[in-house]
Amino acid sequence: MSDRQQVKNARGERIAIVAGLRTPFAKQATAFHGVSALDMGKMVVNELISRSELDPKLIEQLVYGQVVLMPAAPNIAREIVLGTGMNVSTDAYSVTRACATSFQSAVNVAESIMTGNVEIGIAGGADSSSVLPITVSKKLAHALVDLNKARTLGQKFAIMRRLGLKDLMPVPPAVAEYSTGLSMGQTAEQMAKTYGISRADQDALAHRSHTLATETWNSGNLRDEVMTAHVAPYKQFIDRDNNIRENSVLESYAKLRPAFDRKHGSVTAANSTPLTDGASAIILMSEGRAKALGYQPIGYIKSYAFTAIDVWQDMLMGPSYATPLALKRAGMELEDLTLIEMHEAFAAQTLANMQMFGSKKFAAEKLGRNRAIGDIDMSKFNVLGGSLAYGHPFAATGTRLITQVCRELKRRGGGTGLATACAAGGLGAAMIVEVE
């Protein structure tokens with residue numbers, strides 16, 4: 001049985017990435033303060049359809065994701081369909097796979113096209129760290145249910161007397177891994193210590209990311225893949241990511257204190273991604289349908305892979321597990337790639353994965369390979385800057401990476417590119433695209 005993955009429909013047509021778009025990414029409580037993930041999702045999907053001059057009635061499926069879920073609109077995908085002029089009968093459902101969420105939504109639509117169930121679909125994701133599901137304590141929640149059942153005033157007073165002042169305080173969403181209680185930042189600290197990643201190297205990678213992102217924006221290369229967002233009450237707009245340090249100075253990074261291990265740590269706010277708001281989306285079609293409608297795709301999906309590892313130690317190693325599987329399914333080696341886009345959740349996590357790509361020991365012990373994945377050529381790696389600069393709205397990052405690598409390959413005359421990410425829960429995702 002061949003290990004090659006056939007990302008094609010029954011007619012042998014490839015899955016085309018026709019277009020991609022995102023909102024600018026904004027730090028928490030700044031430009032998108034008060035704007036929900038749903039509103040950002042509708043915003044970007046509407047604009048993507050408009051720019052592509054695609055009849056919304058032709059869209060047969062929308063798969064959209066969110067990580068910080070809002071109880072008021074648990075199926076964000078369906079709400080986007082209802083708010084963007086698509087047929088009310090358009091198939092729509094929501095997914096969540098932590099930071100790999102929009103990789104998952106893209107693959108789900110691709111697989112629907114591969115099976116012949118649909119010909120045209122939209123995938124993406126959105127998250128807001130500024131509009132959060134603030135909840136109540138477990139004790140108060142229990143009491144509220146009991147109050148609803150209580151019949152007499154005396155019963156209600158008895159229930160209320162069980163509560164202390166701290167039980168009445170609002171509870172923000174947890175930032176820790178449910179299974180371990182560790183935050184992503186604490187995991188990044190773990191990885192820095194396990195793999196001997198220095199503070200200087202972390203700061204240098206962050207500086208590189210901000211410098212390249214600034215150059216990319218100033219060159220105009222992101223103009224066609226980032227929309228201008230007008231935010232209610234429509235007295236202002238945002239047309240550029242606002243986390244990028246446009247005058248990044250490497251020496252200034254050393255001034256920050258460690259954020260997660262104050263005494264012995266090396267992970268700081270400057271070499272980590274901030275909490276971010278934003279949304280992204282891509283249009284996928286069968287190759288034949290794209291051609292019939294007159295589109296010139298920005299790329300095609302060649303292979304993809306998802307993996308999972310234990311969460312207790314160094315769980316953000318997803319790229320080191322998912323990438324070799326995606327390469328194998330594409331019949332490729334790392335050196336065959338033209339570009340590599342790796343999600344930079346933390347500089348420590350990124351550098352640890354880069355180190356393990358080149359490790360024969362890791363390949364033999366963890367992957368069962370007789371050779372390393374390969375040393376990363378920095379002239380191919382995150383050439384436009386990465387998440388450390390752009391920011392990281394959890395569910396939006398995957399389709400941001402896919403669009404960005406496809407469009408950069410297009411500018412370079414074609415080739416193959418890798419988009420890969422780690423994710424909470426020990427998850428990993430990788431996708432290889434080809435561009436003509």
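In case you wondered, yes, glycine gets a Cβ from its N, Cα and C as well.
Feature annotations, reproduced from Swiss-Prot:
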ACT_SITE  CYS99  active site, acyl-thioester intermediate
ACT_SITE  HIS392  active site, proton acceptor
ACT_SITE  CYS422  active site, proton acceptor
Got a sec? Which of these active-site residues, CYS99, CYS422, has the most Cβ atoms within 10 Å?
CYS422
Over all shown protein chains, what is the count of other CB atoms within 10 A of the CB belonging to HIS392 (active site, proton acceptor)?
27
What is the separation, in Å, between the Cα atoms of HIS392 (active site, proton acceptor) and the residue listed as 'active site, acyl-thioester intermediate'?
9
